[in-house]
Amino acid sequence: MDLLSDIEKQLQKATAQAFLIALSGGLDSTVLLSLFAKLCQKQPHLQILSLRAIHIHHGLSPNADSWAKHCQDLCDQFQIPLIIERVQVDKTNGIEAGAREARYQAIKKHLQTQEMLVTAHHLNDQTETFFLALKRGSGLQGLGAMQQQSVLFGMQILRPLLGFTRPQLEDYAQKEKLNWITDESNKDNRFDRNFLRNEILPELRARWAYFDLAVQRSAQHCFEQQQLINDLLSEAFAEHCQIKNQFKLCQFRKYSLAKQTALLRMWLAENQLEMPSKRQLTQLINDVVFAKEEANPQFQLVNKIIRRYQDRLYLTKPFSDLTKYCLKLEQNTLSLPDDLGNLSVQENEHNLIFHWQDFSVTLEKTDLPISIRFGYSGKVKHHPKRPREDIKKIWQELGVPPWERNRIPLIFYGNELKSAVGFFRVFDEY
């Protein structure tokens, strides 16, 4: 089957009718753009309601500006709207990883609701991805490599060229007289993917003509086996993960290590996090899951923190220390630190009504200065019929995790605590 007919059949089964093409300007994405431009001419048969392209300008090559211009000229030729997005690449974890992260985050910013991202990954890319996963010691999920349709970083992705080899794309490009750019970094074998592409895989293909197809079959077997494991564990997973960013530990410690790691991987995948290594998962289980009952353990995984409280794991972002903040409330709205949103106040004849997120509290008016603080130690009277109690005990009764307690806005009249917004107000003693 030829490229055009195959992609046409794929689009008839696709779950979207609006598409955003990832366009680098290289051979693969240029062929992809040409194919979609041709398919658009078959309207209304395919019902492609929207077609756009996006080019990510990484700024890593001296030729980056000319590549962006080439992509613009190409899209003008095909009459397809193009977005050019410049990004800054964080090289902390390597250029390849940083560029990939920056690229997908930039694309996610522009991807519209009901729009599907289309990438030009082909069969040779699939082989490289499989070998890179093998090099990392990946399990079934990693060795499953890429699927024709999947979700990545919360985006629906279609890879319609996955069944075709690069030579097949080259044949199409030559017949259509397409022009494309060549990234000079593709020859740099310091990068793992280039080393495989330029040095290792050509030798294997020379010996075994159908090597890429065999790798694709193995990847598909791995993917299907992982799906089977997920299906078999789905009932247990639903019991442990009833809230997306929480994981109940009841009965969990009785499972085998293999079942524990599989369920935790499912939880992390549910939250769209990159898979940790086996060593990291074992450390998470030993240091957090099996930590002493009175401990408040935590484990950092990339840009997230896994914490434990009342026999549950919680997935949170790293939080700033807010205990030194003292914010004067001098207007009707106050912007709170560390992405906590705004606190606002309304006034009626006798009271002030404070609003924060979905919470509110009504307090009597005052002539004292009003401030918002975070974190408090000492005793408070939070119920009219109960004595003053240590605030730590109150937080425990309310089921507020330790890391959240210093993130709840506390309203002070002068130096007197009046309320923890959304949780309790302080009553006077008589």
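Think of each number as a place in line: the chain as shown, counted from 1.
Every residue gets a Cβ built from N, Cα and C, even glycine.
Copied from Swiss-Prot, the annotated features are:
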- S24, G25, G26, L27, D28, S29: ATP binding site (BINDING)
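Take the mean position of the Cβ atoms of S24, G25, G26, L27, D28, S29, the recorded ATP site; other residues of that chain with a Cβ within 8 Å of it are L23, T30, V31, L32, A120, W180, I181.
Within 10 Å of the Cβ of S29 (ATP binding site) there are 25 other Cβ atoms, across all protein chains. Local packing around the binding-site residues G25, G26 was summarised as the count of other Cβ atoms within 10 Å of each Cβ; on this measure the leading residue is G25. The DSSP secondary structure for L27 (ATP binding site) is helix. All protein chains considered, the CB of L27 (ATP binding site) has 20 other CB atoms within 10 Å.
The Cβ of S24 (ATP binding site) has 21 neighbouring Cβ atoms from other residues within 10 Å, across all protein chains displayed. D28 (ATP binding site): 23 other CB atoms within 10 A of its CB, across all protein chains.
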